[in-house]
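Read through the structure below, which is laid out as C-alpha cells, and then see the notes.
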Amino acid sequence: MFDGLKKKLNRFRNDVEETAEEKAEAAADEAESDADAEAESAPADTDNAAVEPEASEPAAADPDADAVGDADAGSEADAVDAADAPADAESSSAAVEADAESESESAATPEPDSEVDAGADTGDEPSGEPTADEVEPRESLASDAAKAALTEEDEDDSSGPGRLRRAAAFATGKVVIEEEDLEDPLWELEMALLQSDVEMQVAEEILETIREKLIGETRKQVESTGQLVSEALHDALYEVISVGQFDFDQRIAEADKPVTLIFTGINGVGKTTTIAKLAKYFEKQGYSTVLANGDTYRAGANEQIREHAEALDKKLIAHEQGGDPAAVIYDGVEYAEAHDIDIVLGDTAGRLHTSNDLMAQLEKIDRVVGPDLTLFVDEAVAGQDAVERARQFNDAAAIDGAILTKADADSNGGAAISIAYVTGKPILFLGVGQGYDHIEKFDPEQMVERLLGEDE
C-alpha cells in the first residue's frame, strides 16, 4: 500500500542527508586547511617577537662596569693612602690585589639571571633550539589560529557566510542544514508528490513545513541527518493527514441510539460493499445493525445489497425501485427504534455533485432523518479526482468524513494524504480487500509511519 510514494519520500530523505553531509565535510576540510596555514605562520611571528626585545634591551654589562669603576676608584684611594702611610703599603697593596682578582672573577663568571644579557654583550647568535618560554607562546598562537578559523565569520562572499559555521558544527559532531541543501531535493519531492496525485495545495503545505523544520537546524550528536529529515517529514505529513480527525469509535459509543450513518459518493466506488464491511466491523464491537437501501434508482441495487445482508445475517429495509430514498431510510430508523437496533446503515444512489435532483435528495434525507454522520466514499486509486469530488460533495452537502476503497491497490497515496486537508473532514476507514474483514480504521500516525518506514 502506497509503496510508490514511500520510495519517493525515502529518496528525498537520503538526498538531503547526503547533500548536507558532503557540504559539511567539504567545509570542514577547507577550514582545517586554513587553520593549518595559520598555524604554520605562527612560529615565525613568534621568533621575531622573541628576538626584538633582546636587541632593544640596554647593555646588561653596565652594572659590572659600574662595579669595576668603583673598584678602580677604590684602588686609587688605596694608592693615595699608601703614599701617605708607607708603613701600611704592603697590607694595602695586598688588599688591592685581592679586590682586583675578585672583580676579575666576577666579570668572567656572570650570574645565571644575566645569561641573555651576556649573549647580547658578546654578540653571539641565539641557539637554534627554542627555550621553554618560547614553546608555550607558539602553541598558544597556533591553537588560537585554529579556533579563529572555525569560529570567525567568513567575510569572503565567494565562500558564503555559513561555510565556517557549518565547519564548526561538523567539527563538534553536528551538521547544519542550509536552504541551498534543500533546494534540489525539495523540487524533486514536489514533483514526486504531484506525480503521486497529492493535491497542489497539500504538496505546497508539506514543502513549507519541511523548510520551517529543517533550514538552519543542526542535528544532535546522538542522531543522524537522516533522522532529522525523517522528523520533519513526519510532522509535515501528519499535519495535513490528521486535519479534522476524531475518534470514530468513541463518537458511536457516545451517540444516542440508534445511530444513523448515510453513505454517499459517485457510482461504482464501493459504497454498498463498504456498508457491508462496516456492518461486520460493528458486529465485532458488539453493536447490532440494520441496512436500509436508499439507492432506489439503480437497477439491481436491491439485489446487490440483499446478498450482503443475507451473507451477514442482517435485516434489510428496501422499497420498490423508484421509491423515495428519504422514506426508505426513515423506515430503517423506525425499525431500529422498534427493535432496539444500535446502528442504521443507509445506502444512497451514486451521483455527481452537478446532479441537482440527486443532490436535492441528500438535502431531503438530512431534513427527514437527521443522520448522525454522512460519509463520503471514493476510491483511493482515483487520486486527485477523488480529492476534487470530496471537495465538491462537501460544498454541496456537508460530509463528516471519508472512506477510501481499494487502498491496497494504490501505490501513490495522494488521495489519502490530500482529502482531509482539502475538505477539513477526516478519513475514517480504508478498504484493503474484497472480504468483509478487509477494512482498516484510519490512523494518521500509523499512516505516516507506513509512508516513512524503511524499504523492505
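In case you wondered, yes, glycine gets a Cβ from its N, Cα and C as well.
Quick look at what Swiss-Prot annotates:
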REGION    1-163  region 'Disordered'
COMPBIAS  1-26  compositional bias 'Basic and acidic residues'
COMPBIAS  27-39  compositional bias 'Acidic residues'
COMPBIAS  40-62  compositional bias 'Low complexity'
COMPBIAS  63-81  compositional bias 'Acidic residues'
COMPBIAS  82-97  compositional bias 'Low complexity'
COMPBIAS  112-134  compositional bias 'Acidic residues'
BINDING   265-272, 347-351, 405-408  GTP binding site
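Shown on the structure are the features that Swiss-Prot records.
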{"residue": "Gly265", "record": "GTP binding site", "contacts (Cβ under 8 Å, 6+ apart)": "Lys271, Gly350, Phe376, Val377, Asp378, Arg389, Phe393"}
{"residue": "Gly268", "record": "GTP binding site", "contacts (Cβ under 8 Å, 6+ apart)": "Gly350"}
{"residue": "Thr348", "record": "GTP binding site", "contacts (Cβ under 8 Å, 6+ apart)": "Ile262, Phe263, Thr264, Lys271, Gly294, Asp295, Pro325, Gln361, Leu362, Ile365"}
{"residue": "Arg351", "record": "GTP binding site", "contacts (Cβ under 8 Å, 6+ apart)": "Thr264, Ile266, Asn267, Leu358, Met359"}
{"residue": "Ala407", "record": "GTP binding site", "contacts (Cβ under 8 Å, 6+ apart)": "Met1, Phe2, Ala380, Ala416, Leu430, Gly431, Val432, Glu440"}
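The local packing around Lys271 (GTP binding site), expressed as other Cβ atoms within 10 Å of its Cβ over all shown chains, amounts to 24. Taken residue by residue with DSSP, Gly265 (GTP binding site) is part of neither helix nor strand, so it is coil.
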